[in-house]
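Asks: So that we are looking at the same thing, I have put the structure below in structure tokens.
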Amino acid sequence: MGSLARLRTGRARVYGARAPLRTQIVTLVVALLAVLSAITTTVSYFSLQSTLYKQLDTQLDMVAGRAAGVRGPRPPDSSADSQTMGGQDGAGAPQDAGAQTGSSPSSNTTADANSSQDATVPSPGDQIPNAVIGGTIVVRVTNGVVNDAGYFNPESGAYTTLTDKQIAALQKVRSDASARSVSVPELGTMRVIARTDHADSVVITAMPMTQMTTTLRDYLVVSVGASTLLVIVAGFLGAILVRRSLRPLDRMATAAQAVSKMELSRGEVDVIPRVPVHTDGATEVDHVGTALNTMLSHVETSLAARHESEMQVRQFVADASHELRTPLASIRGYAELIERSHQELSAETHRSIDRIHSEAIRMGGLVEDMLLLARLDAGRGLAHEQVDLSALAIDAITDAHAAGRDHDWVLDLPDDSAVEIPGDEARLRQVFANLLANARVHTPAGTRVTLSVAATSTGATIDVCDNGPGISPELLPRIFQRFTRADSARSRSGGSTGLGLAIVAAIVKSHGGKVDVSSGDGKTSFNVWLPGASA
């Protein structure tokens, strides 16, 4: 299972690193079209090649049949008294000037005298071809002796005798076998066939393949060029069509990014943008858009219900806190009145009155904190004036030293100038007080607490560090939540409402700043950043 999970994770990483969807689709279509074009071109090429071979072999078979029935021109060194004479003249045309079976000797003698070449008398049943195709080679071998070996040059029309190497290449073809391609020196590839005539002579006939090769080459060039052009045009048009088809997905992504940038964690949520889709929902993209809009509607409804519930709770807390202020003040007043009276009270009664007074004060502080958080949650405006953080730090460290003389308090301020930012002085003063009170309450005696204030290019920073036992890792993620209390790992010398750091976070956020905490063995640090006038 573990290896399977790792394999799936690796595949997910590979897929995640791929190109955009439109690029993948266009690439796939172009690649598929290129493969199909290559297959089509290859099949058609070999089909055309087979057809041309059949045509050439048919033509070669006809020429070979005619050549096997008549001898070609004799070489210049041949004797003039041959009983059988060639039937073709030097120009490549057949010579049939009265060469008929049964002609008189006198007519043959006259033809012999008037011709510079030997006349030919075909054997009975032989057919003299009406024309000879230029470049066609005829080699006649009788009893192993080559009698005729030449061809008519297609350019000059003159009869050309073959060389020994050319004859040797042609003699490799077996008699009465099917046609085959042979590479003839200086003449290129020829289609060759060998036949045995009625005189048991082997007649080798060869025809050039130049025209067929040229046709195949031209077809291949045209086919490859057309296929390449088709793939390019298809890729261009496919990119346009895919981009147009996936345009709704871009709008969905834009809408999703806009929603992701909205503040949805708290407060009133603005109207969530919807994705424009076709009402008919004919395509899969429309289905996705409709589903996304439905989901956004549900999210918007849920967030609106949550906001309404939060507002009701905040209003209840604000109303309850406001209503509790008067009775708590009355309790404190009556407790002080009893203490100042001249009535004789027992020691136990005095202790009870003191507890009532102290608890009323603590509860009053809790009520004030809850009212402050309610005001901050409601977004009520804060005062914006230039506040000297250095002066606030001096006052805060002085008060902390008076409240916790068993701690070592250190103040670190810049020497050159005061650190000033725009803000609400009363609320920022409370930030200092709560951070130092948190360090005093949750660290043992003898702990060193350092308060630092510094100016930055974007505002100012406030750091409160101590070398106490630290904060447990389980508590750190919710340290700024309301009513969060430290566990037993951090000593406490006084009561805590669990609202001090929540108030710090709310005040800092209302000023546009941020606060975070880091803690380890022997060190805890609260870091506050507040924006300056230009931030």
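The backbone N, Cα and C atoms fix where each Cβ goes, glycine too.
Sharing the record's features from TrEMBL:
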type     : residues : note
COMPBIAS : 91-102   : compositional bias 'Low complexity'
COMPBIAS : 103-120  : compositional bias 'Polar residues'
DOMAIN   : 243-304  : domain 'HAMP'
DOMAIN   : 319-534  : domain 'Histidine kinase'
REGION   : 68-128   : region 'Disordered'
TRANSMEM : 21-46    : transmembrane segment
TRANSMEM : 219-242  : transmembrane segment
Asks: Within the domain 'HAMP' (243-304), what mean pLDDT does the predicted structure show?
Replies: 78
Asks: Short question: which residues 6 or more past the ends of the transmembrane segment (21-46) have a Cβ under 8 Å from it?
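Replies: Sequence-remote neighbours of the transmembrane segment (21-46) are 216, 219-220, 223-224, 227, 230-231, 234-235, 238-239, 242-243, 246, 249.
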Asks: Which residue counts does DSSP yield for the domain 'HAMP' (243-304) in the helix, strand and coil classes, in that order?
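Replies: Per DSSP, the residues of the domain 'HAMP' (243-304) fall into 38 helix, 0 strand, 24 coil.
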